[in-house]
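Undergrad: According to TrEMBL, the record shows the following:
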DOMAIN    45-496  domain 'Major facilitator superfamily (MFS) profile'
TRANSMEM  118-139  transmembrane segment
TRANSMEM  151-168  transmembrane segment
TRANSMEM  174-197  transmembrane segment
TRANSMEM  209-230  transmembrane segment
TRANSMEM  236-258  transmembrane segment
TRANSMEM  324-344  transmembrane segment
TRANSMEM  356-378  transmembrane segment
TRANSMEM  385-405  transmembrane segment
TRANSMEM  471-491  transmembrane segment
Amino acid sequence: MADPTPFGLDPNMEDPETLRTNLLNSLDQIIEQNQSSFGWKQFLQAILVSLASLFDGQQTFISVYTDAIPTWHCSTTTTTSCTTNSNICDLADSDWSWDSTSSTTIISDWSLQCSSSFIRGLPASSYFLGGVVGGFLLGTLADSSLGRKKLLLISCVTMSLASFITIFSPNVWVYSAVRFISGVGRSSISTCVLVLLMEKVGKKWRPRVGIMQFFFFTLGFLSLPLIAYLNRANSWRALYLCTSIPAVLYCLLLQFFVSESPRWLFMNGKKEEAVAILLKSAGQNYPSELKLLLVSSHEVEVDSSNISNHPYKSMKDLFAKRWAMKRTLTVMVLGFGIGMVYYGMPLGVGSLGFNIYLSVMFNALLEIPSYPITCIILERWSRKFSVLGFCLVSGICGIVCAVVGQKGVRIGLELASFFCSRTAWNLISMFTVELFPTCVRNSATSLLRQSYVLSAVFSSMLVSVGSSNEFLSYGVFGLAIFFSGFFVGFLPDTRGGMLCDTMDEQERKENMILR
């Protein structure tokens with residue numbers, strides 16, 4: 001005989017607190033059971049959401065090519081003052097010339113080759129600084145008033161339009177300012193994509209779907225060497241044109257074909273929309289259960305403490321409880337250390353004396369095997385010890401890379417350090433989603449992301465300084481990720497657990513584990 005109250009729901013239940021708990025539990029069970037069979041509708045949604053990360057990856061590493069110092073050659077044979085080892089700042093303008101057109105990069109276009117490392121590194125640092133500022137300004141809006149989808153759309157539109165406007169920059173100062181705006185826009189993209197992907201599926205598919213965000217980011221990173229190579233004889237502005245136009249068109253797909261997170265909708269009192277999305281996704285699997293969920297939800301108000309239009313309520317909640325504050329600060333330290341290597345290594349790879357197109361391509365290709373490894377680790381082993389192991393190995397490789405002199409060994413160590421940092425970042429990102437409830441999940445993940453991007457501000461400056469003393473770049477990168485890895489010991493392991501929706505629910509879950 002069929003259960004008249006599936007998932008424990010009973011609209012006639014007298015106790016509103018018990019009914020509220022059953023509502024949240026039933027939502028979890030419906031999502032878990034519905035998404036246990038991952039169909040084409042869910043897969044298409046995941047693809048459309050993840051595409052935002054592809055364009056994010058392009059804009060993040062585009063400065064490797066647009067802001068690079070081009071190769072040059074001696075232009076006269078009548079003087080012995082010019083050699084391949086000469087400093088072009090000590091030569092007369094008539095003694096040398098660029099190998100390609102003067103507009104290949106911003107360095108040659110605006111004659112910045114003899115400017116300070118601060119000026120040359122300003123555009124990249126401005127972009128990452130914009131990411132930090134934007135993260136604090138926008139990150140919490142996904143938990144409060146806007147939701148995951150709307151904030152993702154706003155972020156993509158801002159980033160893509162700013163990237164297009166970059167084409168018209170007349171000097172390095174305007175260029176840096178527009179890159180800052182682009183950074184503000186992209187600040188919430190990866191966070192919204194990851195949370196939106198993982199909130200729509202059950203724990204069985206969570207690692208596999210969540211990894212799509214990183215995979216598409218890598219596709220964007222990997223596409224850059226090809227786009228840059230095809231435009232090697234053109235101005236650096238062509239790179240921004242080729243990457244910004246598709247991003248603008250993608251925003252239309254995002255607006256009309258991507259749905260909001262049903263978890264966020266339900267937690268913010270938009271129960272009809274949440275059930276409608278689940279019905280559309282489930283097809284004929286659970287129509288009666290979903291309709292009963294909607295009927296039951298009208299019998300009790302969702303806890304109003306979790307609904308607020310104040311943009312920084314979720315940020316306040318993260319630091320109001322001791323357990324949440326400890327987790328937040330811990331993941332931020334880990335994000336900063338991992339980001340020093342992940343951003344610093346590709347940005348500084350030109351100083352290793354290796355072909356810049358091949359070296360960036362190798363770094364991007366090396367990210368791909370990190371994804372199946374991440375999935376295997378998340379499904380079988382401890383998150384904590386896995387993050388620690390990859391941080392330690394990455395740090396050791398980075399430090400050794402800074403002190404050895406053989407070119408082949410150095411590029412090998414750089415790739416190994418980068419690979420371990422990428423895998424560590426995959427793990428800690430998905431780990432963070434599981435550590436926090438729905439009401440603050442996007443804010444917590446955003447803080448992780450901002451610490452990660454903040455490290456890029458410092459690493460891009462260290463790359464410029466490290467052109468004369470490489471331990472100040474690769475050595476510092478290695479030390480940062482090595483010591484930050486030990487902080488993972490302050491976090492509980494979440495393997496096999498279900499996502500919580502409220503702070504109280506998360507706290508009760510942790511208390512039960514401690515008992």
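Even glycines carry a Cβ here, placed using N, Cα and C.
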Undergrad: Between the transmembrane segment (118-139) and the transmembrane segment (174-197), are there three or more C-beta pairs closer than 8 Å, counting only pairs 6 or more apart along the chain?
TA: yes
Undergrad: Establish whether the number of Cβ pairs under 8 Å between the transmembrane segment (151-168) and the transmembrane segment (324-344) reaches at least three, counting only pairs separated by 6 or more residues.
TA: no
Undergrad: Take the C-beta pairs under 8 A between the transmembrane segment (356-378) and each of 209-230, 236-258, 385-405, 471-491. Which stretch has the highest count?
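TA: Most contacts with the transmembrane segment (356-378): 209-230.
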Undergrad: Which residues, given as numbers and ranges, are at least 6 beyond the ends of the transmembrane segment (324-344) yet have a Cβ under 8 Å from it?
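TA: The answer is 128, 317-318, 387, 391, 394-395, 398, 417-418, 420-422, 424-425, 428, 431-432, 435-436, 440, 444, 447-456, 458-460, 462-463, 473-474, 476-478, 480-485, 487-488, 490-491, 503.
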Undergrad: So which of 174-197, 209-230, 471-491 is most in touch with the transmembrane segment (385-405), counting Cβ pairs under 8 Å?
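TA: Ranked by Cβ pairs under 8 Å, first place goes to 471-491.
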Undergrad: Against which stretches of its own chain does the transmembrane segment (174-197) lie, if we need a Cβ under 8 Å and a gap of at least six residues from its ends?
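TA: Long-range Cβ neighbours of the transmembrane segment (174-197): 46, 49-50, 52-53, 56, 59-60, 63, 106, 122-124, 126-135, 137-139, 141-142, 148-149, 151-152, 154-163, 165-166, 209-210, 212-213, 217, 261, 429-430, 433, 441-442, 445-446, 449-450, 453.
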